[in-house]
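Annotated features, as they stand in TrEMBL:
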BINDING   G151, G153, K154, T155  ATP binding site
DOMAIN    140-278  domain 'AAA+ ATPase'
DOMAIN    357-426  domain 'Chromosomal replication initiator DnaA C-terminal'
REGION    1-88  region 'Domain I, interacts with DnaA modulators'
REGION    328-448  region 'Domain IV, binds dsDNA'
Amino acid sequence: MATTLEMLWDSVLKKIHEAQYFDEQDFQVWIQKTTLFKIENDSAYVAYRSSITKAIMERQLALFEATLSEEWGNPVSLILIEQKEMEQMMPEVVVEQRTNTLLENKFNPNYTFENFIEGSSNKEAYAACFASCNQGSHPMFNPLMLFGNSGLGKTHLLHAVGNYLHAERPEAKVIYMYSGDFVSILIEAMKTKNIHGNTVDKVKEQLLDCDYFLIDDIQNLQHNSSQEVFFTVYNKLIEKGSQIIITSDIHPKELSNLQSRLISRFTSGLAINISKPGFETSKAILKKKLDGREDLVTDEVLDYLAMSYSSDVRDLEGKLNRLIFQSTLFNPDVIDLKFATEHLGKEPIVEQKNELTMKTIKRSVSQFYGLSISDLEGKSRLKAIMNARHICVYLSRELLHLPYMTIGKKLGKRDHKTIQSSYNRAKDLMQKDQAFEIAVHKIKEKLL
Ligand code: ADP
Ligand code: MG
């Protein structure tokens, strides 16, 4: 019976394919993988694996019904059913058994595209990963490589690809591996080689049996023989059109532990950098993590965390979790700035590179002129030091709009008149002294 239905559905799909009603890729990816599993009381039940397939087929339902009715010899109406539901309805239908143990679904359910906050620091990486899930049989960019510092969402995106494919295209075979596990599996296989036959070949075979190969933290693939295997598998996967996505904590060209022939291949696809999120993105990430518990924390605290810890999202999240945990111990009405600074007080605060203060201006000016801060604040009337001081005043006015009095206080306790005339002198020198003008621009460039 199953064979008959299978043959019947095959010939329906063949006809539809030949008539070219669908784009070739859509047909191969979405429609070809459906199954006709029951015809009962003039209704034909077809199982689909992805909601995209359902949407595509629903648009052409009359076409499927007409073709099937013709092949079947009787008019039938078509009912679309999700694969999982079909399996429950008809447990006797043998669903393809996957013997490849590397294809296990090991994805963290929280690491989804929906839970990933896009911002200018990561939107290209997000878009490329998402696109890779919805392409036809030929990857647009292969390999796709994501690189960037630790804690910026690379693993999250790999898992998002896995989760998405699992839900939307369950027929796609996805292997996800942390590169350290790749090495362990191979070392294990190498050890058992003489007892159970060449299991390295078996591992290779399993690795090749996939449509997506996601390998995390490639910088840890240090073992030489594993690199050899990886090289072979990599080339074959590219040849057969499987999508490879690689992540790395360091720039591909700095992967000094890897053979150069591997590195040059990695950069032949698309390499995308993920950088640290800006203030708004960090704040949105925190809000996402709070998910319905926003009342627990004041907005000011979110600002404080986003300003102080955004160079590593893992750390940012960790601080929020820590505050939430502390709040269960101390029961404050709300986690406000006072509570937050008290409980994170001992933690080092990462200074924002672009947070501009008089202190950072003084530091940049002194570095530019090779002076110390106390030279700047002191009383020396040497021309170079006087000029450096004028620049400090000028930039504090122009960039921070500070009153003369405040600038004076932070610059060797000078009075407001001295600072005002220093500012006027700087404006004058900007017109007359090219070296002074260049110095101002260079320092400003570094600061902003
Ligand atoms: P990496 O692999 O780059 O070291 P991870 O993917 O492990 O970083 O991310 C660390 C943590 O930060 C994870 O909990 C992840 O969910 C979270 N994270 C990172 N970037 C984002 C983002 N843009 N949106 C939401 N969560 C993020
Ligand atoms: Mg990671």
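Every residue, even glycine, has its Cβ placed from backbone N, Cα and C.
Features recorded in TrEMBL, as mapped to the structure shown.
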residue : record           : contacts (Cβ under 8 Å, 6+ apart)
G151    : ATP binding site : D312, V313, R314, D315
G153    : ATP binding site : F116, N122, A125, I274, V313
K154    : ATP binding site : A125, L146, F147, G148, D216, T247, S248, D249, I274
T155    : ATP binding site : Y111, D216, D217, T247
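Less than 6 Å separates the Cβ from ligand 2 in the case of K154, T155, drawn from the binding-site residues G151, K154, T155 in sequence order. Those residues of the chain, other than G151, G153, K154, T155, with a C-beta within 8 angstroms of the mean position of the ATP site C-beta atoms are G148, S150, L152, H156, L157, T247, I274, V313, R314. Confidence over the domain 'AAA+ ATPase' (140-278), given as mean pLDDT on the 0 to 100 scale, stands at 89. K154 (ATP binding site) carries a helical DSSP state (H, G or I).
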